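Here is what TrEMBL says about this protein:
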REGION    1-26  region 'Disordered'
REPEAT    163-193  repeat 'PPR'
REPEAT    220-250  repeat 'PPR'
REPEAT    251-285  repeat 'PPR'
REPEAT    321-355  repeat 'PPR'
REPEAT    451-485  repeat 'PPR'
DOMAIN    679-755  domain 'DYW'
Amino acid sequence: MAVSAKASRIPPNPDLPDSQFPKTHKPKALSFSTKSLQIHHLSFRKTQEPLSVLSTSSIDTQNQNPNDDLHKLCLHGDLEKALKLLGSMEELQISVEEDACIALLRLCEWKRAREEGARVYSYVSKAMTQLSVRLGNALLSMFVRFGNLVDAWYVFGKMEERNVFSWNVLLGGYAKAGFFDEALNLYHRMILISACELLGDERLGKGIHGYVMKMGFADDISVDNSLVQMYSSMGFLEEAEKVFSRMESKDVVSWTAMVSGYDNNDLPDKAVETYKTMELQGVTPDEITIASVLTACACLGHLDMGVKLHELAIRTGLISFVIVANSLIDMYSKCKRIDKALDVFHRIRDKNVISWTSIILGLRINNRCFEALIYFRKMKRLVKPNSVTLVSVLSACARIGALMSGKEIHAHALRTGVAFEGFLPNALLDMYVRCGRMGPAWNQFNSNEKEVSAWNILLTGYAQRRQGELAVELFRSMVDSKVSPDEITFISLLCACSRSGMVTEGLEYFSSMTHGYSITPNLKHYACVVDLLGRAGQLNDAHEFIQKMPISPDAAIWGALLNACRIHRRVELGELAAQQIFEMDEESVGYYILLSKLYADSGRWDEVARVRQMMRERGLIVDPGCSWIEVKGKVHAFLSGDSFHPQVKEINAVLEGFYDRMKAVGFGGAERGPADEVEASKAEIFCGHSERLAIAFGLINTAPGTPIWVTKNLYMCQSCHATVKFISTVVRRDISVRDAEEFHHFKDGICSCGDEGYWGKPDK
């Protein structure tokens with residue numbers, strides 16, 4: 001969640017003729033001389049933040065939108081009722097939409113209602129750190145009409161972007177009030193600063209820079225700040241650094257421009273370093289500075305510094321700015337402290353769309369997707385989601401296989417006209433692919449622009465289904481369509497070949513990357529080749545391939561070899577791979593699980609115990625087994641050993657019935673769990689058997705013949721694999737389980753994975 005540098009707030013001048021009007025902030029001295037008049041403006045990324053206000057009164061929010069009523073009252077000129085409705089919306093925590101707020105400001109201006117206009121402005125100030133062009137212009141027009149140049153100037157400084165109307169209104173206000181020198185000075189800066197904001201061309205930008213030097217504006221801090229932002233926005237950080245370093249005096253906007261410039265150009269280390277220098281210089285940060293540095297901390301995983309910034313924000317009162325709170329949510333989420341992120345979220349009084357989106361995304365990246373859906377439903381009652389929100393919640397739906405919830409979001413996106421915005425089309429495509437619905441996925445693919453990322457999503461879907469031939473066919477269609485493959489394309493293609501046993505084809509595609517498409521293979525591509533050779537049983541070739549790599553292998557490459565050793569029970573080579581992994585990465589739980597599975601499948605339970613002890617000593621925890629199933633549009637979650645579900649007795653009775661039938665016909669995998677000590681230990685470490693509960697629930701609550709779709713967070717163990725194969729034979733239903741690695745489609749006792757990795761396949 002990157003944050004750009006902002007336009008600084010300009011202290012008002014008490015000498016201006018507006019003392020008869022209500023003040024909305026404390027005045028500070030400022031001389032509007034030709035030298036000292038400053039317009040600290042740097043343009044912002046557009047972040048449409050609905051104006052959020054507080055809550056509880058008596059508006060019917062179920063049947064109508066209070067914003068529509070507010071807008072109608074303004075159109076009819078009923079200011080008194082409009083303000084009364086605004087007060088009720090404040091109590092109910094209903095968002096004040098921008099259009100309704102603008103209509104209310106225009107009504108105040110038309111009626112010359114100064115006190116009422118100040119009241120509306122106070123709502124805006126509480127909810128917004130920056131102002132959009134439309135809302136800012138409405139406030140500017142009102143304050144200039146009232147002759148209140150102090151607040152007009154203050155609003156002008158907070159606007160995230162300005163157009164010709166913005167400048168003209170303020171210029172006209174100064175000229176009308178008799179401040180002709182200030183108006184002329186403002187006009188000159190308008191030309192320079194507007195040019196800096198609008199330029200995206202290096203040659204023209206340097207031309208403007210030359211003009212600034214020639215005309216004597218080089219010592220104007222506001223112009224220098226705009227130059228820093230201009231060069232940063234174009235990616236010319238060396239030029240921005242030159243301007244910044246030669247500035248004799250730097251204010252908080254100067255430092256923030258440089259910090260956010262580094263942050264927005266993917267240099268979070270330099271952003272943090274610059275902030276530390278700023279601290280040493282004794283410059284007090286503002287809310288935009290704090291938000292920018294928090295964004296850098298989130299990228300770097302610097303939790304300690306993020307916590308210190310949180311403490312600083314509390315001490316200085318900057319925590320009250322929603323942009324700071326939102327950045328804290330993002331930082332804590334990415335540093336895996338989701339409980340702290342939730343605490344910050346719940347303390348925000350005026351939550352906006354970014355607040356809700358940040359916590360939903362935070363829950364998603366911390367694997368709490370079920371809660372993410374709950375928060376999204378709460379959000380819809382209070383704030384209108386934007387396309388970024390929908391992308392985040394669709395990712396959660398995809399993670400837990402919540403197809404009906406995903407379809408509801410698709411319908412919402414179509415109704416609200418955002419279905420084709422940004423990454424949303426691809427997020428919808430990804431959701432359908434991960435939910436195993438390739439038919440709707442193809443419909444979504446064909447209804448949008450077929451860019452490379454869309455092709456990659458479909459390729460990944462075929463890889464997860466072990467449909468290598470279809471993936472190859474799709475790749476050829478992609479090339480025939482004149483779409484150039486990228487690095488991700490080949491990762492998906494190589495994975496598809498690997499899981500389909502297409503070794504020759506996979507090696508050919510790997511070779512063609514450099515010669516045919518001028519793409520240099522990275523570590524992920526090399527890991528795919530190791531996986532390709534290893535899954536096919538060519539473990540010695542895979543090991544030799546690693547040793548001959550032109551770049552140093554990382555933990556993921558050795559992890560691919562370890563997984564292949566698990567599949568083919570090559571303990572000695574697997575131990576070698578594990579030794580290499582733990583020298584580079586001691587924190588990733590997945591590698592310990594792979595090593596444990598290798599030992600467990602080889603019957604070496606003493607070694608399993610040793611690995612588990614290592615994990616305990618290093619504070620590593622395996623997520624409990626959890627499976628999700630969606631029935632009639634509602635997602636149900638089942639944890640391993642779940643005994644709290646309302647239908648747990650029925651579920652256990654169904655499973656007991658299957659176990660008895662399996663035992664009667666001599667079908668393996670009929671363990672009831674804890675009764676079998678070995679199987680119980682394996683379940684605790686690797687699986688948890690949670691998918692059995694979800695499948696039984698689905699069988700109880702859906703009509704005969706209805707396919708069962710389950711998603712789980714861990715790998716599917718041998719016992720569960722055998723059990724579900726048997727169940728699919730008895731109930732004559734298609735059962736799909738997507739585990740941590742791939743889809744398992746069971747039909748008539750056969751699984752689409754071909755039982756790869758499941759040794760001792762049970763026979764009837």
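Cβ coordinates come from backbone N, Cα and C, glycine included.
Note that this is a predicted model, so its numbers are computed, not measured.
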Grab the same-chain neighbours of the repeat 'PPR' (451-485) for me: Cβ-Cβ under 8 Å, and only residues 6 or more beyond its ends, written as numbers and ranges.
425-426, 429-430, 433-434, 438, 441-442, 445, 492-493, 495-497, 499-502, 505, 509, 517, 519, 738, 742-743, 745, 752-754
Looking only at the domain 'DYW' (679-755), how are its residues distributed among DSSP helix, strand and coil?
34 helix, 16 strand, 27 coil
Model confidence over the repeat 'PPR' (220-250), averaged pLDDT
80
